[in-house]
Each structure stands twice: as C-alpha cells, then as structure tokens.
Amino acid sequence: MASSSEGSGDALLPDFPRGPLQAYRARASFSWKELALFLEGEDMLRLKKTIFSALEDDPLFARPGGGDLPMEKYRELNFLRCRRVFEHDLLRVEDMLQSPLKVWALVNCLGMYDWSLAAKFFLNVLVFGSAIYNSGSERHFKYIPKIFSMEIFGCFALTELSHGTNTKAIRTTAHYDPTTEEFIIHSPDFEAAKFWVGNMGKTATHAVVFAQLHTPGGGCHGLHAFVVQIRDPKTLLPMPGVMVGDIGKKLGQNGLDNGFAMFHQVRIPRQDLLNRAGDVTPEGTYVTPFKDDRQRFRMSLASLSSSRVSIVGMSVVNLKLAVSIAIRFSATRRQFGPTDKEEIPVLEYQMQQWRLLPYLAAAYALDHFSKSLFLDMVELQQGRLGKDASAGQAELGREIHALASASKPLASWTAQRGIQECREACGGHGYLAMNRLGHLRDDNDPNCTYEGDNNVLLQQTSNYLLSLLARRAQGGAHCKSRLKTVDFLEAYPDILGQRFEVPSLEDCLDSSVPLAAYEWLVCYLLRESDQKLNQEKRSGSNDFEARNNCQVYYCRSLALAFLELTVVRRFHEHTHQPSVPPPLRAVLRRLSALYGLWSLSQHTALLYRGGYFSGEQAGKMIETAILDLCSQLKDDAVALVDVIAPPDFVLDSPIGRADGEVGVRPGSKMVSPLTDTLT
C-alpha cells in the first residue's frame, strides 16, 4: 500500500515513461517521489510544475530548431518571453513577500529553461526592484508597481569600465544643487562609464546608478544609489545627456543585453536618492543614521550580498542540470563488458562513479545550503526594513557578508568543474551543442566573475575570521554568532590538539568524520594565516602589503575551507534530523558523507602537513570510503537525478531524456546525436 506522501506524489509527480532507465529506477533503495516531497513540499512542487507547464504550453517558448538564433533575434525573443512571464502572473507580489523561497524557485525554474531569460527577469524585478525597496524609503515605492506592470524596465548600474570589485573607487559623481533641489549625475570620462550592466544594452528605461555623493561645502560623502531614467519608456530613445548602448556579444547568455552608459550633467530630483543609508535635505545638508562610515558603506552595498547568494543558487542549478544529463546518459550508454558479447552501462564502472557521483552529492549539499543562506539573507533584510540598529543585527550582517563572499566562489567553481567533468564523462556526445553541456558551461562561467571576482571576494571571508581571532586574543571575546557558523572557534585551542582517530572504514562512512576534520582544518589555517600576517608585518610590510602577501596558500584556503565546513555542517544536520523519513535516511546520509569526504580529500596535503593525519592509513581510509560510498549510491543515482531534474522540455538534452531514449529531442522528430541531423 502506498504511503500518504506517495499518494499525493502520484498526482503531482507522475511516473516516468518506461524505457532504458527503468532498470536503474527499479533498483533504487528509496522512492524518488517521497524524497522530492520531503525536500520541496507540495506547495513548492506545485509551483514548479505550474511554471514548467506554462513554458511548455506557450508557443512563444518553443525551442528553436536548426541551431542558435542570431544575437539580435535572440534578444528580441528573450524580451518578449520576459514580458510573457509577467503576463502569466506565475507569482504575485504578495506571494513573494509571504514566501520568499517561491521567488527563488521562480528564478531558478526560468534559469533551467534559459539563463538569459532568468537573468533578464531577475535583474529587473529582484535586483533593480529590491534595491529600490531595500535601499530606498516610502517615497520610492511608487516605482514597484510600475516594474510589475512593465511600465518601466530596470537595471543595476554599479560596475564601471575601470572599476568593478573595488567599489569604493567608483568615479561617477552626483553633485547636489540646492537652488533646484536636484542631483547632477556625471561621468567624468570614458573609464567612468557604467559597463557590463544587464538589461542596459537595449531595454532598460531606468537604472539604480551608484555614484559618489557631493554636497556644497560638505565634500564627498561616499557611494550612494540613485534612481535615474535612462530611456523614454515609449520610444526607448536615450534621455537627454545619457549615452547608452550595448557592449556586444559575450561568451554566453547572449539573450541578455549587457550595456554601457555615460552621463553628461544629467539632472534628477533630490527625492530619487535612495536614502536608507543617507539623505540630503532641500538646503543641501547631508544626514545619515549611521555614525560609522564603514557601516553606512556596507548598507549602501547591502544588495550585493543578496545578489551573491542568488548566484550561488544559479550555480547549483547549472550543476544539477549537468549531472542530470551525464548520469542519465551514463546509465544508458554501454561500453565494453566482461565478455565480447555483453556491454555494460558506463555508470557501472568505478571511474565513472568517482567522476560523477561526488558532483551529484555536491548538488544536493549546495542546494540545501543555498536555500538556507537565502532565508538567512531574508531575515537580515527584514531586520533592516524594521530599522533594527542593534549590535546583533550588525553582527548578523557581517556574518552573512562573510558567508556570501565565500559561497559564490565555492558554488560557481564547483559548478564550473562539475560541468566540465560531466561534459568529458559523456564523451563526444557531451561536446555536441544540442546536448546543452557546452551552453551550461558558458552560461555558468560569468558566475565566477560578476558581483565580485571570486579570488578577491574570498578575502572578505578570511578578514572576518581573522578579526574574530584578533578580538579573542585581545579581550577574550567569545566567538559566537547568530547563525552559529563560527561557534566552534570557542574550542579553538582544543580543536588544534585533535587528531584523526577513526577505527574502521564503517565508522568513516558518516559526515561526522569530515565535519570534525574540517573544524580542525579551519582552526589550523586560521592559525597559519594569522601567523603569516604577523610575520609580514614584523618584516616591515604595511597592512595592505601584508594582507596581499597572505592570500596564496593561506587566507584563500582558509576562506574556502570555512565555507566547505559550513556546507558540510548544514547538510549533516539536515540529513540527520529526526524528521527525515526512515526510508530516506540511508541515501541522504550517504550523500552527506560523500560530499564531506570528497571535499575534504582535496585538502589531504594540509591535513598531513598540520599533523591531523599521520601514517598512510588515514589517507587511504578516506579514499576507500569515497569509493565505497560511490558504489553504494550507484544504484540510487538515476532516482536521485529524477528528484532534481526538470521536465525534458526544460532540460533540452537528447542524451538526458527522462525515459533514457537517447537521441530524441523533446517535441521533435528523431535526431541522431552523432550527426545532429534528422533521420
């Protein structure tokens, strides 16, 4: 008899058509429908099904045959599709406010279909719109309904041609004129042109523009955000004083019109300063609720952390799509065998399992982490909107900033490596454009760069950790945080004295083992980074030089290890909670252990160098455990993919079809994956 969860799942999650993948599905140790319901819940699954059905049933979203569209045609079609998403009214504004995860789901579902579409929608509604809502005040809320009615179309203009990650050096200016109560937005030269701005190339009518705010006699008050109209909404012609255009073809996401803009003495009303971080009176006096300039600066750029968290989700989606394609293909592709007459699926080979299944585990672990971090960000934003100025709120902001700054590098790099591994694991078929892995690789690549270069961002996280250690050393301050990500540092000296003591392989097959090892690793790298920093200062380096000389092998590794620890801890706690249904516990805990041990294995040299590992047995046990977990998860791999893969129309990969009938593009005639021609 089916359980109640299975009964509700049958209606919401219909069975897959029978085909070559049926053999693996029959061997799964759990019900994929039960796992989907546990991880997502009925409401979320129903929303996703509504979104996917709306796309598949609308002719405007039909996949073009015969190769890629010309760039201009693609951008025109992408805008029409974006407008249609609004017309479908898939998620109302009140739903977005009441259930923020549904916003997350909508963007990621659109991204599974096409990241150019998702980015266009996301930049307009969630980046431009959220910047106004979170950084402005009631006088700016008039813009919000105009976004959803598409009376205006927005973009977020921070990056300039000569400055991106170094936001403090942004050179666009906003001088206040008290005689007219206007700000004068100006680009001093071409290097100060706003650049790489998504939606700005062709379609944006308004921009949130970041500029250095100047008042008469008061000097420069630093970076602030302004709402600036850049085009006429009816004609899309540039406004007076605005030079705006498209930057041209990119490596990927070419349905999105990235653009540039220069401003020549463009006047805007005083009220169009987004004033949560600071305001200017009609007479020209600058006022701010923040006593600390650094805190005010962080408030001005608060939207960047939320964007980075969103990029984590985008990267995870790309990894999900890639492993779905590669694992389904590996379960149907047969090569060699014990006899000349019998070929076996390549998923049966240990090498293929070792190449792919850790990335499947990573997709699950990072997916859970990204959702939890998104909800942490929502909590922070709600506190800011409620004008919570407490020390706890400020500390939460610093903690989330540190997490967001390291999670974007970890997720985007994991997806980058994972997509490439999936591409190679599919052999020549993986190199065919029609199978989508190349597009996923190109579309994921900018996640490593925008909203902050990955290597530079990691310094924000290591600086946060080093500051905690310094506070602890100076005054014995407790290492405790709202999200408990650094609470383990309370036992910093004791953890450094621990060693790897796992008596048997069976004991190693649990994520508590890499969790303990990661706590030691972070403490070790924190001590080494702190000692290296002090050594550089003692040798005569100033603070800038000292920190710069501590990144390679020290602070960079520290930041990544800390974030990996946080992901491992959250997924371990999630998979070991009492509410996990008994039939799902084994497979979820194997995923948790595999992700933790696989990630940890990349730091084997450090674990030996620092003395946590000793003798060859420790390293061998980790490797054997990884391979054992891969073997245990092999028969569950297809069912695990069934939980995370979108419908065939959205996945759009002939070798990744849900029925395993390789070579048929959804909604098309038979296509040969070898020739990309009709047969």
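Easy rule for this one: first residue shown is 1, then count along the chain.
Yeah, the Cβs are placed from backbone N, Cα and C, and that goes for glycine too.
What TrEMBL records for Glu451 is active site, proton acceptor. Sequence-distant neighbours of Glu451 (active site, proton acceptor) (same chain, six or more apart, CB under 8 Å from its CB) are Leu304, Ser307, Arg308, Ile311, Lys408, listed in sequence order.
Long-range Cβ neighbours of Thr159 (FAD binding site) (same chain, at least 6 residues apart, Cβ-Cβ under 8 Å): Lys194, Phe195, Trp196, Val197, Tyr450. The FAD binding site feature in TrEMBL is assigned to Thr159, Gly198.
Each residue in the domain 'Acyl-CoA oxidase/dehydrogenase middle' (155-264) gets a DSSP state, and the totals come to 6 helix, 53 strand, 51 coil. The domain 'Acyl-CoA oxidase/dehydrogenase middle' feature in TrEMBL is assigned to 155-264.
Summarising the annotation, TrEMBL assigns domain 'Acyl-CoA oxidase C-alpha1' to 303-466.
Annotation comment: TrEMBL describes 512-662 as domain 'Acyl-CoA oxidase C-terminal'.
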Gly198 (FAD binding site), number of other Cβ atoms within 10 Å: 24
